[in-house]
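K.L.:
Sharing a structure below in structure tokens format, with a few things to ask.
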Amino acid sequence: MSHHSSGLRSSISSTSYRRTFGPPPSLSPGAFSYSSSSRFSSSRLLGSGSPSSSARLGSFRAPRAGALRLPSERLDFSMAEALNQEFLATRSNEKQELQELNDRFANFIEKVRFLEQQNAALRGELSQARGQEPARADQLCQQELRELRRELELLGRERDRVQVERDGLAEDLGALKQRLEEETRKREDAEHNLVLFRKDVDDATLSRLELERKIESLMDEIEFLKKLHEEELRDLQVSVESQQVQQVEVEATVKPELTAALRDIRAQYENIAAKNLQEAEEWYKSKYADLSDAANRNHEALRQAKQEMNESRRQIQSLTCEVDGLRGTNEALLRQLRELEEQFALEAGGYQAGAARLEEELRQLKEEMARHLREYQELLNVKMALDIEIATYRKLLEGEESRISVPVHSFASLSLKTTVPEVEPPQDSHSRKMVLIRTIETRDGEKVVTESQKEQHSELDKSSIHSY
């Protein structure tokens, strides 16, 4: 009896379900019953933890009361009660664990269905984003880039035109600077000539003043000579008159000789006086003519110098005005060039900022797309992990169902104490088992549960009754 009970205990505790999940399997209560007709029966929960799917494992009929009407036979109720309690505890634990596993499996199924729905929604959003948003964003970016390139080309052409104008203005400015330098040099030459002319004018003025002083001195000298000549003439006249008087006086004595002598002397003095007067007049006239010519030349030179000075002054004024105008034009052109360069720099900075902003938006879109792809990949990985876990649970459940579907042999035999040497052998008994097969499938994100029942008959092992 103890041998059979230990074999039953070892057969119950060494199931594949306990080896897979750790704790002992759970069984439903009410497994054993012992009737008044000495019949022992057992049942076990099969399938997915449903208490309705039970099968009778077997029944042992004790010898009839008429056949075993011996006063000394009795049953070992204590061993049967211990086996019954152990089987009940094991079955209740197995039922509880199967219920927990079913709940966990249902949670996993719900989670998988939720994740599949999210995956389908994200896949739809991703396909929509791939089909619309990137193309539209790419189209908008390409359009913006084309517009920016066109504006950059226009700005480049405008910049080239401005550079050509700047080069032309620089050439004109160089020519104007060269002309300004030439005019400045001419002005300096004119000023130098003006200084020289002023010096010449001053020299001519000094010469004129000197000549005027000389003329005055000569006029004074001429007046003095005239006076001296008049005095000499008067003296000569006086002397002539005195000589005439003397001649008249002498004529009386020496009239013929004195008259001739006086006539000769008078003729000589008259000739000398006429000659001196003529020479003085000629010298005066020549000096006057020379001084007049010199004065005229000096006046002409002074007039020419003044005219040239006025002309140089007018040229200097016109060149100064022209230089001022050119300077104003140059400053205006330089200011316009700086304004154009600043405007071009601002526009180029704005376009570069716009291009950078579009590139940043494109980069953000790419990063968002990459993030969606990573999330999608993570969801795919989670789905694959859940599929693998579901497949593992499915394999475990299929293995457990296949293990449960194997015919269950009898796990206990009753020992009767008797003094009769021969005991009627027990009749062969058959067990009937109802197997409940539950199949859980996931189709298009929905859980499909199918159940089927199968009735099996299996022959129980024959157990011998040992007597003491």
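Using the three backbone atoms N, Cα and C, a Cβ is placed for every residue, glycine included.
Per Swiss-Prot, compositional bias 'Low complexity' is recorded for 1-16. The feature domain 'IF rod' is assigned by Swiss-Prot to 94-404, with sequence analysis given as support. Annotation source Swiss-Prot lists 3'-nitrotyrosine at Tyr17, Tyr376, citing experimental evidence. As annotated by Swiss-Prot, phosphoserine applies to Ser28, Ser50, Ser59. Sequence annotations record features per position, and here Swiss-Prot assigns phosphotyrosine to Tyr468. Feature annotation from Swiss-Prot assigns region 'Disordered' to 1-22, 445-468. The region 'Head' annotation in Swiss-Prot covers 1-96. The region 'Coil 1A' feature in Swiss-Prot is assigned to 97-129. Among the features that Swiss-Prot reports, region 'Linker 1' is placed at 130-140. The feature region 'Coil 1B' is assigned by Swiss-Prot to 141-236. Among the features that Swiss-Prot reports, region 'Linker 2' is placed at 237-259. Annotation comment: Swiss-Prot describes 260-402 as region 'Coil 2'. For 403-468, the entry in Swiss-Prot reads region 'Tail'.
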K.L.:
DSSP three-state call for Tyr376 (3'-nitrotyrosine): helix, strand or coil?
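P.N.:
Looking at the DSSP assignment, Tyr376 (3'-nitrotyrosine) belongs to a helix.
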K.L.:
On the 0 to 100 pLDDT scale, where does the region 'Head' (1-96) sit on average?
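P.N.:
Averaging the confidence scores along the region 'Head' (1-96) gives 49.
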K.L.:
Can you tell me how the residues of the region 'Coil 1A' (97-129) break down into helix, strand and coil by DSSP?
P.N.:
33 helix, 0 strand, 0 coil
K.L.:
Tell me, how many other CB atoms lie within 10 A of the CB of Tyr376 (3'-nitrotyrosine), whichever protein chain they belong to?
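P.N.:
So the Cβ neighbour count for Tyr376 (3'-nitrotyrosine) comes to 15.
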